[in-house]
Amino acid sequence: MTLPFFFFDQSISTNTGLRYDFYDESCPHLPIIIRDHIWEAVQNDTRIAASLLRLQFHDCIVDGCDASVLLDDTKDMKGEKNAPGNVKSLRGFEVIDAIKADVEAYCPETVSCVDILALATREAVYLVEGPSWGLPLGRRDGLKANFKSVQEQLPSPRASLENNTAKFTSKGLDLKDLVVLSGAHTIGFARCVTFKVRLFNYKGSGQPDPDINAAMLSDLQSMCPNRNDGTNANLAPLDVATVDRFDNEYYTNLISGVGLLESDHGLMADSNTAQMVRQYSFDTNLFYDDFAESMFRLNMVGVLSGRDGQIRKNCHVVNVDDGY
């Protein structure tokens, strides 16, 4: 089963200059290029859908959706890739590079890296049984990336609900978007270093988080021993039930006390977010509908269009022949 590539609600309109049919004439091969590459990527790497979804989120939530997360550092720019929360953690760059190379062969200097990342993410999520969402196109790539912006703007798996909510609202998103987009943790893995504090020294107590499931705690302590060594990079599934399939099990896990990250667990400590968690655990369709809406909203954060930004020829570097 394959959804139409541009699946959207025609009642949605924007004032950004983006259009659902933006590349229909200038790059008609784009849909099939995206679909073929992502199908192959998902077949070869069960983690890739989660990795692309995370890559796009880390791009959009930091200084807007402009593909700045794809830029390599230069002698004049310390970018986002090597900032805490991204370094040795973000994945999927090679998939975007392969798509970009094919797109450039068919329609050079036409499709932005940020639109490729957005389209690839949507296709990957759908291929692991997730929803699709409206995606107007015509975004342009940013000209810079900022290491400090990641430190200031990226939500943290160790931060409080209040702190992470403030970072969402600063982007025009809200508490509901936070709960819904946290549902992306229904796929993928987390490194031990991101949750180890819950296993051994929760809130400085010298003891594990008392709310963590006992069986889960034992397994995680074996996987992530209390020492600062290479085991910090070991991976644990964010959703122990269906790690490779997009569904609503993440919310059921939270209710059962088997949410992995501190930020996930925090959703059950607040009455408003806990109620949303319960609703999504009971109703997959509601979760999918709201996830699609939140992804649409995420994709509109800080968009560059028109004469702003550029269409990078190589997603890793700014074009140097455009006067920049």
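Don't overthink the numbers, they just go from 1 along the chain as shown.
Cβ from N, Cα, C; glycine included.
Per TrEMBL, active site, proton acceptor is recorded for HIS58. Under a cutoff of 8 A between CB atoms, and with a sequence separation of 6+ in the same chain, the neighbours of HIS58 (active site, proton acceptor) are VAL69, GLU80, GLY85, ASN86, LEU90, VAL150, LEU154.
The local packing around VAL62 (Ca(2+) 1 binding site), expressed as other Cβ atoms within 10 Å of its Cβ over all shown chains, amounts to 28. Per TrEMBL, the feature Ca(2+) 1 binding site maps to ASP59, VAL62, GLY64, ASP66, SER68, GLU80.
Here TrEMBL flags THR186, ASP239, THR242, ASP247 as Ca(2+) 2 binding site. Around THR242 (Ca(2+) 2 binding site), the same-chain residues at least 6 positions away in sequence with a Cβ under 8 Å from its Cβ are THR186, GLU249.
Every protein chain considered, the tally of other Cβ atoms within 10 Å of the Cβ of CYS27 (disulfide bond) stands at 18. The feature disulfide bond is assigned by TrEMBL to CYS27-CYS107 (among others).
Marked as disulfide bond by TrEMBL: CYS60-CYS65 (among others). Counting every protein chain shown, the number of other Cβ atoms lying within 10 Å of the Cβ of CYS60 (disulfide bond) is 27.
Every protein chain shown contributes to the tally, and the Cβ of CYS113 (disulfide bond) ends up with 30 other Cβ atoms within 10 Å. Sequence annotations record features per position, and here TrEMBL assigns disulfide bond to CYS113-CYS315 (among others).
Here TrEMBL flags CYS192-CYS224 (among others) as disulfide bond.
For 17-319, the entry in TrEMBL reads domain 'Plant heme peroxidase family profile'.
Contacts of ARG54 (site 'Transition state stabilizer') defined by a Cβ separation under 8 A and a same-chain sequence distance of 6+ are given as LEU90, ARG91, ALA184, GLY188, in order along the sequence. Per TrEMBL, site 'Transition state stabilizer' is recorded for ARG54.
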Original post:
Going by C-alpha positions, which of the recorded positions (CYS27, CYS192, CYS224, ASP239, CYS315) is nearest ASP66 (Ca(2+) 1 binding site)?
Top reply: CYS315
Original post:
Around the Ca(2+) 1 site recorded as ASP59, VAL62, GLY64, ASP66, SER68, GLU80, what other same-chain residues have a C-beta within 8 angstroms of the site's C-beta center?
Top reply: HIS58, CYS60, ILE61, ASP63, CYS65, ALA67, VAL69, GLY142, ALA145, SER149, GLY302
Subject >> recorded positions near ASP59 (Ca(2+) 1 binding site) (Cα-Cα within 10 Å), from CYS27, CYS65, CYS107, CYS224, ASP239, ASP247 >> reply: CYS65
Subject >> Integer Å distance between the CA atoms belonging to CYS192 (disulfide bond) and ASP247 (Ca(2+) 2 binding site) >> reply: 23
**OP:** Sorry to bug you, but what's the C-alpha spacing from CYS107 (disulfide bond) to GLY64 (Ca(2+) 1 binding site), rounded to the closest Å?
**Re:** 25
**OP:** Starting from the Cβ of CYS192 (disulfide bond), draw a 10 Å sphere and report how many other Cβ atoms land inside it.
**Re:** 18
Original post:
Beyond THR186, ASP239, THR242, ASP247, what residues of that chain have CB atoms within 8 A of the centre of the Ca(2+) 2 site's CB atoms?
Top reply: ILE187, ALA241, VAL243, ARG245, PHE246, ASN248, GLU249, TYR250
